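Listed in TrEMBL:
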type: SIGNAL; residues: 1-19; note: signal peptide
type: TRANSMEM; residues: 6-36; note: transmembrane segment
type: TRANSMEM; residues: 56-76; note: transmembrane segment
type: TRANSMEM; residues: 96-117; note: transmembrane segment
type: TRANSMEM; residues: 129-150; note: transmembrane segment
type: TRANSMEM; residues: 182-204; note: transmembrane segment
type: TRANSMEM; residues: 232-254; note: transmembrane segment
type: TRANSMEM; residues: 260-281; note: transmembrane segment
Amino acid sequence: MSSSPTLIFMVIFFLESLAAMLQNGFMVTVLGGEWVRRRTLPAGDMIVASLAASRFCLHGVAILNNLLIFFGFHFVKDYYNTLWHFVNTLTLWLTAWLAVFYCVKVAVFSHPVFFWLKWRISRLVPRLLLGSLVLVGLTVISSAIVTGILKQMIASRSSQGNSTWAERVQAFYRSFHLFDVMLMWSVPFLLFLVSMLLLVFSLCRHLGLMRNYRQDPCDPSTRVHTMALKSLVFFLVFYTSYFLSLVVVAIEITNFQSHWYWAWEVVTYASICLHSSMLVLSSPKLRKVLMTRLWKALDKG
């Protein structure tokens, strides 16, 4: 029987994941529908729609995996790890490109490279999205093939009684897997981190100039920039915690017992759930559609 803390964390995790799937499904429906109807979409909305689709799949895979493990179907672990690694890595790359896009579009710097990016970024977005999908797919497939070969070698040598050689291959497999995961996660996270810090720095500088020229802190423009800065810092902290939680699990710093496992799942997926809410509320297009549908639902009720 599961203990009370385990059941509480399980319920929180599933409610959190279902809420995130509803939010991301809503974004995919609205932006994807517009993309299909008009056969085009603004570059920023392209990234948001792709990110929402990947996060919808990420939460779906996490729910399915945890349900199967809870009911004792541990044999699906290898298949799940490959699928989850693909979706999670793709989500990290798409989040990085969203941060890069906002940084280039909003931040103000005088470097020529920055001006060139500001002029070209909208046309580069479709290539970045397709390139990320291909890169992640090839990397995950090659990693799965190498993992399968190494596991067969370990099983073969173990059955022949050569345990020392099998342990060496096992150690190599762990090192290879850790290097592959850290490389594919660290590069997009560093892109995201640099872009967000540059954007925060630019907004801080702009906000300081506005306060020098306009002494009224209740000025609408100042309030807008202050809210944008707070949301950026909020997302920076939470998404960094998401990345660090992934690193903790990947390098196996600690083993989680049953109730702590579910608590860790709640903490891990909380940041991307909150960021999905921020994306919906910060987009005038999505917010307008959401309010329209809510009012229609209330009228029918």
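Every residue, even glycine, has its Cβ placed from backbone N, Cα and C.
Where the transmembrane segment (6-36) meets the stretches 96-117, 129-150, 182-204, 260-281, the count of C-beta pairs under 8 angstroms peaks at 260-281. Comparison of 96-117, 129-150, 182-204, 260-281 by number of C-beta pairs under 8 angstroms to the transmembrane segment (232-254) places 260-281 first.
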